[in-house]
Every structure is written in structure tokens, then in C-alpha cells.
Amino acid sequence: MMSSVKPNNMSYLNPRTVILIGIPGLEHLQFWIGFPFFAVCLVALLGNIILLIIIPAERSLHQPMYIFLAVLAATDVGLCAAIAPKMLAIFWFRAYSMAFDACLAQLFFIHTLQCMESGILLAMAFDRYIAICDPLRHTSILTPSILGRMIAVVVIRAIVLVGLLPILIKRLHLFHSIQIDHSYCEHMAVVKLAADDAQVNKICGLFVGFSILGFDMIFILISYTLIFQAVFHLQQKEARMKAFNTCTAHIFVFLEFYILAFFSFFSHRFGHVVPSTHILLSTIYLLLPPALNPIVYGVKNMVIRKRVAQIFLLNRGCQQ
């Protein structure tokens, strides 16, 4: 079993490798902890790949909401691919070592995909706002070219802003440790290793977090405030229920994403949470939404449910 003892009075100049210890304090249980995380990853990959097959193939789903859902599914597949292989290698094979540049690459991809997911949730909220508050102009406002531009803005914003984080880490040369108390390379977990002045890195991390997650959350809340106002002004109860029902899946996904995101964000900077608890919850925050998103949206949509049933029935028929 790996020791978690950090060397004292030692510094590292331009380290080539880092050591990811997984979940500090629970190293003896990591082998078993890996199995539920592996199951969650399998559900996430299977569910999101099915969405990526069904949505392009089904013409009735070629609508803004489901185009955004397909992008969200692709983002979730990327997130699982970025975090799961190394995390499970740590848990099951004790593969603690990781090249420093590979760590920065993982950091970039994880945080970029997180920020893309936040942007797509904002785009989906805007789609629901137009669909409910201005339904007659929904298709004329959210044209294919507008959808493409919105997705491009979400991707470029995430790449440019998150790209600052590894670039600023590369300017740090002296580190007091190369041991990262985490199961993946997270920005603040890496910055805390620096013996050089990392104030700029911390400020930039806060700026990126608030300019993406904070901005998106505020405008999603504004969108849903306007949506609820419009829904409650509808005269017929059935119309109100139908309008509200179209938003429930998105509200659930929005709440699970941002509650876990802000817990992870603030506990790493300002909180006094037990490290093992923080790392377990931050890993759950990364892997649980990708697993739940296809389930939530699939259960709510009859077309997706039918196509999923057809896929599994077809496979069963082929086996028989």
C-alpha cells in the first residue's frame, strides 16, 4: 500500500512527474471504491452513446432542445474518457505516477468539458424560454445557423478561458511537493503544490469559475424566473402543467450540476471539508451528471424511450 507521507524540507524544480494518491485516508478501500465508479462510468457511456445514436437518426428529434442534448451527451462521454481511465488505474493497479504535462492536459480537458456542459445548460434554458414565452417565433429565432453559432461560442469560450489555467501553471517552476491528494488532476490541487507565488493562478481560477459557472447560473435562473412567470399567467391548468412538464428534466439536471459544482469549487478554496469527503464528492460531481442526464431526458421523452426499447429488443432478437 502506498504511503501518504510527504517529504519535509524538499522542493522540486520543474518536475516531470506527479503522484496522484487517489482518495487520501481511504487508500485501503480504493480497490473496492473503484467498482461503483466503474459502474457509473459504464452507465454514463452507454446512455450517452445511445443518445448520440438516436438523436441524429430520429428526424422528430432534430429540434434545438435535442441538438443541445446531443452536444451535452458528447461532452459527457468526453468527461468520462478524461477522468475514468487514470482514476481506475490508481484504484485497481496502483498506477499513481503521471507525467506532469499529461496531468496538465487532463486538467485542461476536464475543466473545459465542465465549462462546456455549463454553457450547454444555459443554451437549453434559453431554448425553453423561447419555446414557452415566444413559441410562435421559436423556429425562426433558433435556426440551424444560430444553433451552430451558440455551440461554437460555448466551445470557444471554454477552451480560451480554461486554456489560461495550464499556461499559468507552466510559469511555476518550484514545487514543495509532487504528491496530489486527488484521484485526478484538478486545478487547485495542482496549484497548491507550488512553492512559487501562485496568487495569479488562484485569482485566474476564481475568474474562470465565476465568469463561466457564475455567469451561466445567473442567466439560467433569470430564464426560469421569466418562464415561471409566463407559465403562471396561463389561464388553463392543463396548459400550465404541460409547459412546466417540458422544463422538469432540465431543472433537475441544472440543480444537480450546479449544487455539486459549487460545493466542489468552494470547498477546495475556502472550506474545511475532510479531504476524503471532498474528493469523493468532487469525483461524484464529475461522473454522476453524465450518468443521470441520459436517464432523466430518456425517461421524459417517449420517442427516445421507444428507440431505446427497439435497440434492446433487436439485440435480444438477434441473440435468440
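Heads up, the Cβ atoms here are built off N, Cα and C, so glycines get one too.
All annotation found in TrEMBL is predicted automatically rather than curated by experts.
Note that the structure is predicted; figures quoted are calculated from it, not measured.
The transmembrane segment annotation in TrEMBL covers 31-54 (among others). When Cβ-Cβ distances below 8 Å are used as the criterion, the transmembrane segment (31-54) is approached by residues 23, 61, 69-70, 73-74, 76-77, 80, 84, 87-88, 91-92, 280, 283, 287-288, 290-291, 293-295, 297-298, 304, 307-308, 311 of the same chain, each at least six residues removed from its ends.
The feature domain 'G-protein coupled receptors family 1 profile' is assigned by TrEMBL to 47-297.
With a threshold of 8 Å between CB atoms, the same-chain residues lying at least 6 positions outside the transmembrane segment (66-93) that come near it are 20-22, 30-31, 33-34, 37-38, 41, 44-45, 47-49, 51-52, 55-56, 106, 109-110, 113-114, 116-117, 120-121, 123-124, 127, 147, 151, 154, 183-184, 283, 286-287, 289-290, 293-294, 297. According to TrEMBL, the feature transmembrane segment maps to 66-93 (among others).
Residues or ranges marked as transmembrane segment in TrEMBL: 105-126 (among others). Within its own chain, the transmembrane segment (105-126) has Cβ neighbours under 8 Å at 65, 68-69, 71-72, 75-76, 78-79, 82-83, 86, 98, 150-151, 153-155, 157-159, 161-163, 165-166, 169, 184-187, 190, 208, 212-213, 216-217, 219-220, 223-224, 250, 253-254, 257, 261, 286, 289, counting only residues six or more beyond its boundaries.
Annotation comment: TrEMBL describes 146-169 (among others) as transmembrane segment. Outside the transmembrane segment (146-169), and at least 6 residues removed from its termini, the chain residues within Cβ reach (under 8 Å) are 64, 67-68, 71, 104-105, 107-108, 111-113, 115-116, 119-120, 122-123, 126, 187, 190-191, 194, 200-201, 204-205, 208, 211-212.
The transmembrane segment annotation in TrEMBL covers 206-231 (among others). Same-chain residues lying 6+ beyond the ends of the transmembrane segment (206-231) with a Cβ under 8 Å from its Cβ atoms: 111, 115, 118-119, 121-122, 125-126, 128-129, 132-133, 157-158, 161-162, 164-165, 240, 243-244, 247, 251, 254, 258, 261-262, 265, 269.
The transmembrane segment annotation in TrEMBL covers 243-266 (among others). Counting residues 6+ beyond its ends, the transmembrane segment (243-266) has Cβ neighbours under 8 Å at 114, 117-118, 121, 124-125, 128, 131-132, 209, 213, 217, 220, 224, 227, 230-231, 234, 278, 281-282, 284-285, 288-289, 292-293, 296-297, 299-300 in the same chain.
The transmembrane segment annotation in TrEMBL covers 278-299 (among others).
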